[in-house]
């Protein structure tokens, strides 16, 4: 037993417990430790004054500062001031050990310390300032090294200021309520008891063993997830994680940011709040996430973010912004890949139609992850190493008036062994042969000479990769404009072939793409047969012209000969659905679970800290995702597991998985010393995406009436959700 004196003269006693409690129930005031179970209630609190000692105070072994015998007696004497801020009395109720008094009082004291040197004055203050500056510099260096290792956000506008104003107003309210304050608690045995209360065994203060209570900042846990799959489908591809980690690694408000915030929040006069904003970073934040490029489903947390209340609150808007569009456009790309098939080449041509520069850059990056092969966006190619593709426009074709405009007509052969001095004449020779070929039945007569000049000029510039847009001119005859350009293209292609080059193909940008591609293929094969050019009949045919899922699906049903698709507007703008609808919901505060209730079941959140697993069946397909409480044992392969719908009691099933995959991994450990998952390269993310899509059962992937994928919770979590629901929901009264 021990006793502690209060400033008011009261004297209380209590049991000093060691080891201190190591677990707290989320709902009850029941604290469990290896020795005993204690149930308590806070019955009073009072302010306590100041006390001072000289050298004999020993609050902890680390706090005791002793002078060595050979120190100069003239050196200023060390003096330690302790300010007892508040005394809390916690009444303990049975069950207790049989030998203990019933019911005792446990005295819990909060203290802060300031160490002075008598007569030291200015030197001590200067030393204190220097130490503070050194500590700040060390922290800045640590944060800077983390940022340098991880990198910065792609878009320099992604800063802490990229948020909604109400995030800062909430941060101020938290700060004003004291939810963000941190005071150091020395000693060992730090544990979280209830809410924001922490205990640590302080040792002896004035010869009295004391357990010290400290008020720590609220720690929040948020889940970032979505409620419904986009585009009428039953799957989503998660993307944007890398940019989120880049953001928090560089999270720091600048002086000019603070100045602006003061101007837009003029009613806040406490400088302490803005000093607090200036100091915060994400060193105390932890982020757990599903690997980027994974196939994900509604209600399953894509990310779990935990940390100090105000800091985590400031992450909400940027995280949603960085994940929402990224996941949406990646999913859109994956859907286009699925309908086009594995053998087709998909080209992203959406920069000019994207919503601004950031929309264009993001679209190029995430459509590549979602399965596209290349982009026309040069900046994206530079930033991310995405393959680039591009040919020429209609304007290039129409800019030529005559074949005589071509001045430099020489072209070296592919192997460099000879030079064709007049490539233009070689092209014209091949055009005459095509027009006179008997097997082509004289279908083509005179062609547009300006188009021929444009094709010839482009071939002279790019003989290794000659791909021409063949539908610039329409002569209003019984054959489409695209097919009218075929003889000119073939003449140039045959001329290149005679010099050892292999032309790439054509692009169709208007009209009936199914019909035109079929006719173009027939013509190429006729040329191959007529002139004995091996492989000419299989030259690539690329189609563009406002393509989307529906038009590609329609082309598949009609039958076509398109090898590659250039897709822009409908892809990058996600025309079929404007947003994914990600949300960032509080699920726990200081280990106390929170739930959001709604008349709309889809908007009811799943509370508390959770683990997420994917269960695979015998055929290798995922069967179900299951969410369980953090403390529950994980599911194991070969063991029977009850999977329940989170809110519908009649929907439940037993599953015996052949393989179990845990989904959430630590990508930002903060100060927790947990190992951090490395951020993979964009190519590895793309590979993961393709592998994940291939693992899915075909009926989950189909465009029309796909089978819903099941997301479940464990039996224990189901019971807890509904217990908390009943506790939080008000009981109505009828009169």
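Backbone N, Cα and C atoms are what each Cβ position is placed from, and that goes for glycine too.
Annotations in TrEMBL come from automatic prediction, not curation.
Here the structure is a predicted model, which means the values were calculated and not measured.
Per TrEMBL, region 'Disordered' is recorded for 49-79.
Per TrEMBL, the feature compositional bias 'Basic and acidic residues' maps to 64-79.
The feature domain 'Nicotinate phosphoribosyltransferase N-terminal' is assigned by TrEMBL to 221-324. Confidence in the domain 'Nicotinate phosphoribosyltransferase N-terminal' (221-324), given as mean pLDDT, stands at 96.
DSSP assignment over the domain 'Nicotinate phosphoribosyltransferase C-terminal' (609-720) gives 24 helix, 35 strand, 53 coil. TrEMBL lists 609-720 with the feature domain 'Nicotinate phosphoribosyltransferase C-terminal'.
The residues of the domain 'Nicotinate phosphoribosyltransferase N-terminal' (221-324), classed with DSSP into helix (H, G, I), strand (E, B) and coil, number 44 helix, 19 strand, 41 coil.
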